[in-house]
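One structure below.
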Amino acid sequence: MARPDDEVGPAVAPGHPLGKGYLPVPKGAPDGEARLVPQNGPEALNGGPVLDPLVAGAQDGPQALIAAEEETQARLLPAGDGEDVPCPACPPRTALSPRRFVVLLIFSLYSLVNAFQWIQYSSISNVFEDFYEVSPLHINWLSMVYMVAYVPLIFPATWLLDTRGLRLTALLGSGLNCLGAWVKCGSVQRHLFWVTMLGQILCSVAQVFILGLPSPVASVWFGPKEVSTACATAVLGNQLGTAVGFLLPPVLVPALGTQNNTGLLAHTQNNTDLLAHNINTMFYGTAFISTFLFFLTVIAFKEKPPLPPSQAQAILRDSPPEEYSYKSSIWNLCRNIPFVLLLVSYGIMTGAFYSISTLLNQIILTYYVGEEVNAGRIGLTLVVAGMVGSILCGLWLDYTKTYKQTTLIVYVLSFIGMLIFTFTLNLGYIVALFFTGGILGFFMTGYLPLGFEFAVEITYPESEGMSSGLLNTAAQILGIFFTLAQGKITTDYNSPEAGNIFLCAWMFVGIILTALIKSDLRRHNINTGLTNIDVKAVPVDSRVDPKPKAMVSIQSESSL
C-alpha cells in the first residue's frame, strides 16, 4: 500500500539522487553519519526508513533538495529484492521440520527394543535359573549390568554427544543394541550363561547412548509448545519396551513346570530342547527387529533440522563452538544447587522403579506360586499406566510450564502408590495387584520425563545431554544399591513388604529434596522472549557477571 503524502515529505523528481536510493551527506560530515535509525512508528510498518536528524535536516525545503545534488552521495542497500540487511534486533528465523516425527519414532522404537532386552530375563527369572542352572543373583545381574555399565561410560558418551552430535550417538546406540541381540542368539545352551551375559553387556553399553537422548532429541527437533510432549513420547518408547518385556517372555518362554499336570518338572532332554527352542525364538526375533531398526537409523535419522525449532536452539546454534567447555559444563552443573537436589531426588525415584521392575517376578511369586504369566501382566499394567502418565504429564507441562509443582505432586502420589501396593501384596487376591500396580506405575513411571524436562529448564544453556546423563547416572547407581538391598531384605526376612518399605523410606527423602528445589525456568524465558542470556558456560559463583544481557522479567515458579 502506498504511504500518504504527509508521511513521505516533498516529492522527489525522477532521476534525482534521492530517487535512486542515495542520501545527501552535508559537506564536512564525518563518514558514516548518514544512517538509518530504527523506527517503531508508521514509517517502520510501511517499510520507510527514518533518517538521522542530521540527514533529515538536509531535506528541509526545496532549497535543500536542489543543493543536495552538489553534496557527497551515500549509497543505500535496496529495500526490495536486494540483499537482506542484517538486523541484530530481529529474532533468528525458526521453523518446524516434518522429519521430526520420523526421528522421534525411530528413536522410540530402538529404545523400546533396548528396554525389552533389559527386562526380558527378570520377567521370567525362574525359567532362566532352571535353564542355565544359576542362582537368582546371577539373573538379577543380567538386569543390574545395565546400571553398572552406565556409570563409568556416561561421561565419554555425553562428550561424544556434545562434540560429535546426535546422529553418531544414535547410530552407536542402535548398532550396539543390534550387535548384543545377535550375540545372545549364540547363547542358547545350558553351559553358555557367560555368552548371554556378554550379549547383555553390549546391550547395556548401547543403553548409555540411548537413555540420555530424549531431551536432546526433543530440544533439537521440536518447538517450545511441543518439546515436553516430545520428550515424554521419547521416554515412553523405553517404557513401552519394559512393558513388552513383562508381557512377551512369559508367553514365548513358558515355565515347563506349568505344563505338567502332576506339577512335577521333569528335566528330560525333550523339555530342555523345548525350552531352548522357545528361548531361541525370542532371541532371534529380537535380533531381526534390532537389525531393521539399525538400518532405519542409518537411513533416516538426521543430525538436526535445517532451521532451529525454537529461539533457545537458535541462540545455541549461534554460539561459537570454542566457547563451549565440557569441563566447565560439568562443573557448573555440580555447583548448581537446584540441579543437585533434583539429581538426588530423580535418582531415588528412578532407582526405586528399576528395583521394583527387576524384582517384581520374585515379589509376586512369593505369595502367588505358579503365576508367572500374571506377574508379567502386572508388570505390563504398571508400565502401561506409566506411559499414560508420561504423556499426560508432558502435555500438562507444555500447557502450564509448572515444572516444580507438577514434579512434587507426582512424587508425593508415587510415594502413596508405593504404600498402597506394598500393603495389598498379601491380600490373597492377585486381581487387586493389577489395580494397585497400575496406580504405582502411573505416577512412578510418569515422573521420568518430568525430571528430564525440569533439569533442562533449570540448567539452560548447559547441554541437555549432560544434564540427562547425570540424572541417569544417579538413577543407575541408586538402582544397583536398591536392587541389591531390597533383594537381600526380601530374601532374609522372606517378606517383600520389608523390601518395599525400605524403598518408601527413601522416596520420602526424595519428596523433601524436591520441595527444596528453587525453580528458575531459564529455557522457557528465552523461548518467550523474556530474557536473552549469554550462552557461555560461566561458573555459578564466578566474578564474571553472568546476568542476562537484556531482561524484561524473569519467570520463576512460586515456592510451595
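In case you wondered, yes, glycine gets a Cβ from its N, Cα and C as well.
Swiss-Prot has this to say about the protein:
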REGION    1-43  region 'Disordered'
TOPO_DOM  1-92  topological domain 'Cytoplasmic'
TRANSMEM  93-117  transmembrane segment
TOPO_DOM  118-135  topological domain 'Extracellular'
TRANSMEM  136-163  transmembrane segment
TRANSMEM  166-185  transmembrane segment
TOPO_DOM  186-192  topological domain 'Extracellular'
TRANSMEM  193-221  transmembrane segment
BINDING   Gln207, Gln476  ethanolamine binding site
TOPO_DOM  222-226  topological domain 'Cytoplasmic'
TRANSMEM  227-252  transmembrane segment
TOPO_DOM  253-270  topological domain 'Extracellular'
CARBOHYD  Asn270  N-linked glycosylation site
TRANSMEM  271-300  transmembrane segment
TOPO_DOM  301-336  topological domain 'Cytoplasmic'
TRANSMEM  337-367  transmembrane segment
TOPO_DOM  368-371  topological domain 'Extracellular'
TRANSMEM  372-400  transmembrane segment
TRANSMEM  403-425  transmembrane segment
TRANSMEM  429-458  transmembrane segment
TOPO_DOM  459-466  topological domain 'Cytoplasmic'
TRANSMEM  467-492  transmembrane segment
BINDING   Gln476  choline binding site
TRANSMEM  496-518  transmembrane segment
TOPO_DOM  519-560  topological domain 'Cytoplasmic'
MOD_RES   Ser542  phosphoserine
**Report entry** Helix, strand and coil residues within the topological domain 'Cytoplasmic' (222-226) as assigned by DSSP
**Finding:** 0 helix, 0 strand, 5 coil
Requested in this report: Name the range, of those listed as 93-117, 271-300, 337-367, 429-458, that has the largest tally of Cβ pairs under 8 Å with the transmembrane segment (136-163).
Outcome: 337-367
Report summary line: Here the stretch out of 166-185, 193-221, 429-458, 467-492, 496-518 with the most C-beta pairs under 8 Å to the transmembrane segment (93-117) is 193-221
Query raised in the report: Just checking, which of Gln207, Gln476 (binding-site residues) has the fewest C-beta atoms within 10 Å of its C-beta?
Result: Gln476
**Report entry** Recorded stretch that, among 166-185, 227-252, 271-300, 337-367, 403-425, has the most CB pairs under 8 Å to the transmembrane segment (496-518)
**Finding:** 337-367
Query raised in the report: the topological domain 'Extracellular' (118-135): which same-chain residues, six or more beyond its ends, come within Cβ distance under 8 Å?
Result: 142-143, 146, 190, 193, 196, 200, 203-204, 207, 241-242, 245-246, 248-250, 253-256, 265, 272, 275-276, 279, 282, 286, 357-362, 365, 372, 375-376, 379
Query raised in the report: Between 227-252, 271-300, 337-367, 403-425, 467-492, who has the most Cβ pairs under 8 Å to the transmembrane segment (166-185)?
Result: 271-300
Requested in this report: Check the transmembrane segment (467-492) against each of 227-252, 271-300, 337-367, 403-425 and return whichever range has the most CB pairs under 8 Å.
Outcome: 337-367
